[in-house]
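K.L.:
For 9-126, the entry in Swiss-Prot reads domain 'Response regulatory', with the evidence type sequence analysis. Feature annotation from Swiss-Prot assigns 4-aspartylphosphate to 60; the stated evidence is sequence analysis. Feature annotation from Swiss-Prot assigns domain 'CheB-type methylesterase' to 168-360. Under the heading active site, Swiss-Prot lists 180, 206, 302.
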(Lines of atoms letter the chains of each structure in order from A and count residues from 1; the text may use other names and numbers.)
(Lines give C-alpha, C1' and ligand atoms only; values in the text may rest on other atoms or scores of the structure.)
Protein backbone atom coordinates (compact mmCIF):
# COMPACT_ATOMS: atom_id res chain seq x y z
CA UNK A 1 0.00 0.00 0.00
CA UNK A 2 1.22 3.46 -0.88
CA UNK A 3 2.58 5.23 2.20
CA UNK A 4 0.40 8.29 1.58
CA UNK A 5 -2.82 6.25 1.58
CA UNK A 6 -4.78 6.40 4.80
CA UNK A 7 -6.12 3.20 6.25
CA UNK A 8 -9.87 2.77 6.54
CA UNK A 9 -10.76 3.38 10.19
CA UNK A 10 -13.32 0.93 11.53
CA UNK A 11 -15.28 1.07 14.79
CA UNK A 12 -16.63 -2.35 15.85
CA UNK A 13 -19.74 -2.35 18.04
CA UNK A 14 -20.77 -5.69 19.57
CA UNK A 15 -21.77 -6.78 23.06
CA UNK A 16 -19.60 -9.92 22.78
CA UNK A 17 -15.95 -9.33 23.69
CA UNK A 18 -15.07 -12.47 21.74
CA UNK A 19 -16.74 -11.23 18.56
CA UNK A 20 -15.11 -7.81 18.96
CA UNK A 21 -11.73 -9.49 19.29
CA UNK A 22 -12.29 -11.71 16.25
CA UNK A 23 -13.54 -8.83 14.08
CA UNK A 24 -10.54 -6.76 15.16
CA UNK A 25 -8.16 -9.57 14.24
CA UNK A 26 -9.73 -9.97 10.79
CA UNK A 27 -9.82 -6.25 9.99
CA UNK A 28 -6.33 -5.52 11.30
CA UNK A 29 -4.93 -8.34 9.14
CA UNK A 30 -5.84 -6.31 6.04
CA UNK A 31 -3.21 -3.87 4.75
CA UNK A 32 -5.67 -1.06 4.03
CA UNK A 33 -7.84 -0.98 7.16
CA UNK A 34 -7.63 -0.96 10.93
CA UNK A 35 -9.92 -1.02 13.95
CA UNK A 36 -9.62 2.36 15.62
CA UNK A 37 -11.79 1.34 18.59
CA UNK A 38 -14.38 -1.16 19.79
CA UNK A 39 -17.53 -0.66 21.84
CA UNK A 40 -19.74 -3.07 23.81
CA UNK A 41 -22.92 -1.08 23.18
CA UNK A 42 -24.24 1.92 21.23
CA UNK A 43 -23.92 4.36 24.12
CA UNK A 44 -20.17 3.79 24.31
CA UNK A 45 -20.02 3.80 20.50
CA UNK A 46 -21.62 7.24 20.39
CA UNK A 47 -18.71 8.75 22.33
CA UNK A 48 -16.10 6.81 20.35
CA UNK A 49 -17.55 8.07 17.06
CA UNK A 50 -17.00 11.64 18.25
CA UNK A 51 -13.48 10.80 19.41
CA UNK A 52 -12.20 8.74 16.46
CA UNK A 53 -14.35 9.85 13.50
CA UNK A 54 -14.33 6.34 11.93
CA UNK A 55 -14.85 5.74 8.22
CA UNK A 56 -16.99 2.62 8.74
CA UNK A 57 -19.02 1.21 11.62
CA UNK A 58 -19.71 -2.50 12.09
CA UNK A 59 -22.82 -2.81 14.24
CA UNK A 60 -24.37 -5.81 15.97
CA UNK A 61 -28.12 -5.85 15.39
CA UNK A 62 -29.09 -6.94 18.91
CA UNK A 63 -27.41 -5.37 21.95
CA UNK A 64 -28.18 -4.28 25.52
CA UNK A 65 -28.78 -0.69 26.68
CA UNK A 66 -29.87 0.44 23.21
CA UNK A 67 -31.22 -1.65 20.36
CA UNK A 68 -29.04 -1.68 17.24
CA UNK A 69 -31.93 -0.46 15.08
CA UNK A 70 -32.74 2.44 17.40
CA UNK A 71 -29.10 3.47 17.36
CA UNK A 72 -28.87 3.14 13.58
CA UNK A 73 -31.99 5.24 13.06
CA UNK A 74 -30.60 8.03 15.26
CA UNK A 75 -27.16 7.76 13.65
CA UNK A 76 -28.47 8.03 10.09
CA UNK A 77 -30.56 11.04 11.04
CA UNK A 78 -27.92 12.94 13.03
CA UNK A 79 -24.58 11.77 11.65
CA UNK A 80 -24.93 9.61 8.53
CA UNK A 81 -21.99 7.26 7.99
CA UNK A 82 -21.33 3.88 6.34
CA UNK A 83 -22.59 1.03 8.53
CA UNK A 84 -22.14 -2.72 8.00
CA UNK A 85 -24.57 -4.70 10.15
CA UNK A 86 -23.43 -7.92 11.83
CA UNK A 87 -26.35 -10.33 12.08
CA UNK A 88 -27.16 -13.78 13.43
CA UNK A 89 -28.45 -16.48 11.09
CA UNK A 90 -31.95 -16.54 12.55
CA UNK A 91 -35.34 -15.53 11.18
CA UNK A 92 -35.50 -12.67 13.69
CA UNK A 93 -31.93 -11.68 12.81
CA UNK A 94 -32.71 -11.59 9.09
CA UNK A 95 -35.84 -9.48 9.61
CA UNK A 96 -33.95 -6.97 11.76
CA UNK A 97 -31.15 -6.84 9.20
CA UNK A 98 -33.55 -6.07 6.36
CA UNK A 99 -35.04 -3.27 8.45
CA UNK A 100 -31.51 -1.95 9.06
CA UNK A 101 -30.89 -1.84 5.31
CA UNK A 102 -34.12 0.16 4.94
CA UNK A 103 -32.82 2.60 7.55
CA UNK A 104 -29.63 3.21 5.60
CA UNK A 105 -27.09 0.53 6.51
CA UNK A 106 -24.84 -0.13 3.52
CA UNK A 107 -24.54 -3.91 3.85
CA UNK A 108 -24.41 -6.76 6.34
CA UNK A 109 -22.39 -9.82 7.26
CA UNK A 110 -23.34 -12.80 9.36
CA UNK A 111 -21.64 -13.22 12.72
CA UNK A 112 -18.36 -15.17 12.54
CA UNK A 113 -18.62 -18.68 13.93
CA UNK A 114 -16.41 -18.60 17.00
CA UNK A 115 -14.07 -21.57 17.38
CA UNK A 116 -14.65 -22.87 13.84
CA UNK A 117 -11.69 -22.25 11.54
CA UNK A 118 -13.21 -23.86 8.43
CA UNK A 119 -14.44 -21.12 6.14
CA UNK A 120 -12.79 -18.37 8.17
CA UNK A 121 -10.56 -17.28 5.26
CA UNK A 122 -13.61 -16.87 3.03
CA UNK A 123 -15.44 -15.01 5.81
CA UNK A 124 -12.45 -12.71 6.33
CA UNK A 125 -12.33 -11.86 2.63
CA UNK A 126 -16.05 -11.12 2.53
CA UNK A 127 -15.89 -8.92 5.62
CA UNK A 128 -12.91 -6.99 4.24
CA UNK A 129 -14.64 -6.53 0.87
CA UNK A 130 -17.78 -5.20 2.54
CA UNK A 131 -15.81 -2.77 4.71
CA UNK A 132 -13.94 -1.48 1.64
CA UNK A 133 -17.17 -1.08 -0.30
CA UNK A 134 -18.83 0.66 2.65
CA UNK A 135 -15.96 3.13 2.93
CA UNK A 136 -16.68 4.25 -0.65
CA UNK A 137 -20.46 4.04 -0.45
CA UNK A 138 -22.95 6.85 -0.82
CA UNK A 139 -24.84 7.04 2.43
CA UNK A 140 -28.49 8.06 2.40
CA UNK A 141 -29.34 10.68 5.00
CA UNK A 142 -33.08 10.21 4.79
CA UNK A 143 -34.12 6.65 5.62
CA UNK A 144 -36.79 4.86 3.65
CA UNK A 145 -40.33 4.79 5.07
CA UNK A 146 -41.39 1.91 7.27
CA UNK A 147 -42.66 -1.14 5.45
CA UNK A 148 -46.27 -0.52 6.45
CA UNK A 149 -46.20 3.05 5.19
CA UNK A 150 -44.59 1.99 1.93
CA UNK A 151 -47.14 -0.77 1.47
CA UNK A 152 -50.00 1.66 2.03
CA UNK A 153 -48.45 4.08 -0.44
CA UNK A 154 -48.53 1.37 -3.09
CA UNK A 155 -52.03 0.24 -2.22
CA UNK A 156 -50.97 -3.26 -1.22
CA UNK A 157 -51.10 -3.04 2.58
CA UNK A 158 -49.32 -6.33 3.05
CA UNK A 159 -51.68 -8.52 1.02
CA UNK A 160 -50.00 -10.90 -1.38
CA UNK A 161 -51.01 -10.73 -5.02
CA UNK A 162 -53.00 -13.82 -5.99
CA UNK A 163 -51.12 -16.74 -7.48
CA UNK A 164 -51.88 -17.53 -11.09
CA UNK A 165 -52.75 -21.20 -11.45
CA UNK A 166 -54.20 -21.24 -14.96
CA UNK A 167 -52.12 -23.83 -16.83
CA UNK A 168 -52.60 -21.93 -20.09
CA UNK A 169 -51.05 -18.75 -18.74
CA UNK A 170 -47.47 -18.19 -19.86
CA UNK A 171 -45.02 -15.34 -19.61
CA UNK A 172 -43.00 -14.52 -22.70
CA UNK A 173 -41.43 -11.26 -21.65
CA UNK A 174 -39.10 -11.38 -18.66
CA UNK A 175 -37.30 -8.90 -16.41
CA UNK A 176 -33.95 -10.23 -15.18
CA UNK A 177 -32.32 -8.36 -12.29
CA UNK A 178 -28.93 -8.60 -10.58
CA UNK A 179 -27.64 -6.66 -7.55
CA UNK A 180 -25.23 -6.76 -4.63
CA UNK A 181 -24.30 -4.05 -2.08
CA UNK A 182 -27.27 -1.72 -1.65
CA UNK A 183 -29.40 -4.04 -3.74
CA UNK A 184 -32.12 -4.87 -1.25
CA UNK A 185 -33.42 -1.32 -1.25
CA UNK A 186 -32.78 -0.86 -4.98
CA UNK A 187 -34.79 -4.00 -5.76
CA UNK A 188 -37.61 -2.77 -3.55
CA UNK A 189 -37.71 0.50 -5.46
CA UNK A 190 -37.78 -1.30 -8.80
CA UNK A 191 -40.46 -3.82 -7.86
CA UNK A 192 -42.99 -1.77 -5.88
CA UNK A 193 -44.29 0.31 -8.85
CA UNK A 194 -44.76 -2.74 -11.11
CA UNK A 195 -48.42 -3.52 -11.95
CA UNK A 196 -49.99 -6.87 -10.98
CA UNK A 197 -49.84 -8.09 -14.58
CA UNK A 198 -46.15 -7.25 -15.07
CA UNK A 199 -43.94 -9.86 -16.72
CA UNK A 200 -42.16 -12.31 -14.48
CA UNK A 201 -39.06 -11.01 -12.69
CA UNK A 202 -36.07 -13.20 -11.83
CA UNK A 203 -33.60 -11.78 -9.30
CA UNK A 204 -30.10 -12.68 -8.19
CA UNK A 205 -29.13 -10.66 -5.11
CA UNK A 206 -25.91 -11.48 -3.26
CA UNK A 207 -27.26 -12.65 0.09
CA UNK A 208 -26.42 -15.58 2.38
CA UNK A 209 -28.75 -18.50 3.13
CA UNK A 210 -31.42 -17.71 5.67
CA UNK A 211 -31.97 -14.14 4.51
CA UNK A 212 -33.50 -14.51 1.04
CA UNK A 213 -36.77 -16.02 2.29
CA UNK A 214 -37.29 -13.12 4.73
CA UNK A 215 -36.33 -10.68 1.96
CA UNK A 216 -38.92 -12.20 -0.38
CA UNK A 217 -41.62 -12.17 2.31
CA UNK A 218 -40.88 -8.55 3.11
CA UNK A 219 -41.14 -7.53 -0.55
CA UNK A 220 -44.30 -9.57 -0.99
CA UNK A 221 -45.96 -7.36 1.61
CA UNK A 222 -44.95 -4.22 -0.28
CA UNK A 223 -45.50 -5.09 -3.94
CA UNK A 224 -48.53 -5.48 -6.19
CA UNK A 225 -46.88 -8.51 -7.76
CA UNK A 226 -46.23 -11.68 -5.75
CA UNK A 227 -42.65 -12.08 -4.55
CA UNK A 228 -41.22 -15.40 -3.41
CA UNK A 229 -38.01 -17.33 -3.00
CA UNK A 230 -37.50 -19.37 -6.16
CA UNK A 231 -38.07 -23.13 -6.01
CA UNK A 232 -36.45 -25.69 -8.28
CA UNK A 233 -38.64 -26.70 -11.21
CA UNK A 234 -41.49 -24.24 -10.66
CA UNK A 235 -43.10 -22.47 -13.59
CA UNK A 236 -42.20 -18.82 -14.05
CA UNK A 237 -45.44 -16.85 -14.25
CA UNK A 238 -46.39 -13.22 -14.96
CA UNK A 239 -47.17 -11.10 -11.95
CA UNK A 240 -44.49 -12.86 -9.91
CA UNK A 241 -40.92 -12.14 -8.87
CA UNK A 242 -38.57 -15.00 -8.01
CA UNK A 243 -35.55 -14.38 -5.77
CA UNK A 244 -32.58 -16.74 -5.90
CA UNK A 245 -32.12 -18.58 -2.58
CA UNK A 246 -28.97 -17.66 -0.72
CA UNK A 247 -27.52 -21.14 -1.15
CA UNK A 248 -28.06 -21.68 -4.89
CA UNK A 249 -27.63 -20.27 -8.38
CA UNK A 250 -30.90 -19.34 -10.09
CA UNK A 251 -31.13 -20.14 -13.80
CA UNK A 252 -33.87 -19.71 -16.36
CA UNK A 253 -34.80 -22.88 -18.24
CA UNK A 254 -37.52 -23.91 -20.70
CA UNK A 255 -39.99 -26.75 -20.77
CA UNK A 256 -41.92 -26.55 -24.00
CA UNK A 257 -43.63 -23.17 -24.11
CA UNK A 258 -43.06 -22.50 -20.43
CA UNK A 259 -40.19 -20.90 -18.56
CA UNK A 260 -38.97 -22.84 -15.54
CA UNK A 261 -36.86 -21.80 -12.54
CA UNK A 262 -33.82 -24.03 -12.12
CA UNK A 263 -31.65 -24.05 -8.98
CA UNK A 264 -28.05 -25.25 -9.02
CA UNK A 265 -25.54 -25.97 -6.27
CA UNK A 266 -22.60 -25.65 -8.65
CA UNK A 267 -19.56 -23.83 -7.17
CA UNK A 268 -19.67 -20.04 -6.70
CA UNK A 269 -19.05 -17.89 -9.76
CA UNK A 270 -17.20 -14.62 -9.22
CA UNK A 271 -17.06 -15.78 -5.57
CA UNK A 272 -20.85 -15.68 -5.36
CA UNK A 273 -23.68 -18.17 -5.18
CA UNK A 274 -26.18 -17.02 -6.29
CA UNK A 275 -24.27 -15.36 -9.12
CA UNK A 276 -25.73 -12.65 -11.33
CA UNK A 277 -23.66 -13.85 -14.30
CA UNK A 278 -25.17 -17.33 -14.04
CA UNK A 279 -28.72 -15.94 -14.13
CA UNK A 280 -27.99 -13.48 -16.95
CA UNK A 281 -26.31 -16.13 -19.12
CA UNK A 282 -29.25 -18.50 -18.73
CA UNK A 283 -31.60 -15.68 -19.74
CA UNK A 284 -29.47 -14.96 -22.81
CA UNK A 285 -29.69 -18.62 -23.79
CA UNK A 286 -33.37 -19.25 -23.18
CA UNK A 287 -35.12 -15.87 -23.46
CA UNK A 288 -33.05 -13.90 -25.96
CA UNK A 289 -34.93 -10.85 -27.22
CA UNK A 290 -37.83 -11.52 -24.87
CA UNK A 291 -35.86 -10.44 -21.80
CA UNK A 292 -34.88 -7.13 -20.26
CA UNK A 293 -31.66 -7.18 -18.25
CA UNK A 294 -31.18 -4.87 -15.25
CA UNK A 295 -27.95 -4.52 -13.28
CA UNK A 296 -28.20 -2.55 -10.05
CA UNK A 297 -25.88 -1.26 -7.34
CA UNK A 298 -23.15 -3.58 -6.12
CA UNK A 299 -19.42 -4.06 -5.69
CA UNK A 300 -17.31 -6.15 -8.03
CA UNK A 301 -18.04 -7.27 -11.56
CA UNK A 302 -20.54 -10.10 -11.20
CA UNK A 303 -23.18 -9.71 -13.90
CA UNK A 304 -21.16 -7.55 -16.31
CA UNK A 305 -20.20 -10.38 -18.66
CA UNK A 306 -23.63 -11.98 -18.43
CA UNK A 307 -25.40 -8.71 -19.24
CA UNK A 308 -23.24 -8.38 -22.35
CA UNK A 309 -24.30 -11.89 -23.37
CA UNK A 310 -27.93 -10.89 -22.89
CA UNK A 311 -27.43 -7.84 -25.09
CA UNK A 312 -25.72 -9.91 -27.79
CA UNK A 313 -28.68 -12.31 -27.67
CA UNK A 314 -31.01 -9.39 -28.40
CA UNK A 315 -32.13 -8.35 -24.93
CA UNK A 316 -32.47 -4.68 -24.01
CA UNK A 317 -30.32 -3.85 -20.99
CA UNK A 318 -30.35 -1.27 -18.20
CA UNK A 319 -27.80 -0.20 -15.60
CA UNK A 320 -28.37 1.93 -12.52
CA UNK A 321 -26.57 5.27 -12.74
CA UNK A 322 -23.66 6.19 -10.51
CA UNK A 323 -25.45 8.97 -8.63
CA UNK A 324 -28.15 6.64 -7.28
CA UNK A 325 -25.91 3.61 -6.58
CA UNK A 326 -24.67 2.79 -3.10
CA UNK A 327 -21.65 1.21 -4.83
CA UNK A 328 -21.15 1.75 -8.57
CA UNK A 329 -19.03 -1.37 -9.13
CA UNK A 330 -21.21 -3.82 -11.06
CA UNK A 331 -22.96 -1.20 -13.24
CA UNK A 332 -19.63 0.46 -14.03
CA UNK A 333 -18.13 -2.84 -15.18
CA UNK A 334 -21.18 -3.64 -17.29
CA UNK A 335 -21.08 -0.21 -18.95
CA UNK A 336 -17.33 -0.51 -19.58
CA UNK A 337 -17.81 -3.90 -21.27
CA UNK A 338 -20.42 -2.44 -23.62
CA UNK A 339 -23.31 -4.48 -22.27
CA UNK A 340 -25.66 -1.60 -21.37
CA UNK A 341 -28.24 0.08 -23.61
CA UNK A 342 -29.65 2.56 -21.09
CA UNK A 343 -28.23 4.05 -17.87
CA UNK A 344 -31.04 5.17 -15.57
CA UNK A 345 -31.44 6.67 -12.10
CA UNK A 346 -33.04 4.26 -9.67
CA UNK A 347 -36.05 6.55 -9.23
CA UNK A 348 -36.88 6.20 -12.94
CA UNK A 349 -35.88 2.57 -13.51
CA UNK A 350 -39.34 0.99 -13.22
CA UNK A 351 -40.91 3.55 -15.54
CA UNK A 352 -38.25 2.97 -18.17
CA UNK A 353 -38.59 -0.80 -17.86
CA UNK A 354 -42.36 -0.64 -18.36
CA UNK A 355 -41.99 1.84 -21.23
CA UNK A 356 -39.58 -0.50 -22.97
CA UNK A 357 -41.92 -3.44 -22.43
CA UNK A 358 -44.78 -1.41 -23.90
CA UNK A 359 -42.68 -0.62 -26.97
CA UNK A 360 -42.14 -4.36 -27.47
CA UNK A 361 -45.92 -4.78 -27.75
CA UNK A 362 -46.98 -8.28 -28.68
CA UNK A 363 -44.04 -8.81 -31.01
CA UNK A 364 -42.56 -11.55 -28.88
CA UNK A 365 -39.61 -13.38 -30.36
CA UNK A 366 -39.77 -17.18 -30.29
CA UNK A 367 -36.56 -18.75 -29.06
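First residue shown is number 1, and so on along the chain.
Using the three backbone atoms N, Cα and C, a Cβ is placed for every residue, glycine included.
Keep in mind that this is a model prediction, so the values were computed, not measured.
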K.L.:
What residues, ordered by sequence, lie under 8 A Cβ-to-Cβ from residue 302 (active site) and sit at least six positions away in the same chain?
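P.N.:
Counting only residues 6 or more apart in sequence, the Cβ neighbours of residue 302 (active site) under 8 Å are 178, 180, 206, 269, 270, 271, 272, 275, 276, 277, 330.
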K.L.:
Using a 10 Å cut-off, grab the number of neighbouring Cβ atoms around the Cβ of residue 206 (active site), all chains included.
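P.N.:
For residue 206 (active site), the count of other Cβ atoms within 10 Å is 27.
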K.L.:
Compile a sequence-ordered list of residues in the same chain as the residue listed as '4-aspartylphosphate', six or more apart from it, whose Cβ lies below 8 A from its Cβ; state 'none' when nothing qualifies.
P.N.:
13, 14, 15, 16, 19, 68, 85, 86, 111
K.L.:
At a 10 Å cut-off from the C-beta of residue 180 (active site), count the other C-beta atoms across all protein chains.
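P.N.:
The Cβ of residue 180 (active site) has 30 Cβ neighbours within 10 Å.
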K.L.:
By DSSP, what is the split of the domain 'Response regulatory' (9-126) into helix, strand and coil residues?
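P.N.:
Taking the domain 'Response regulatory' (9-126) as a whole: 54 helix, 26 strand, 38 coil.
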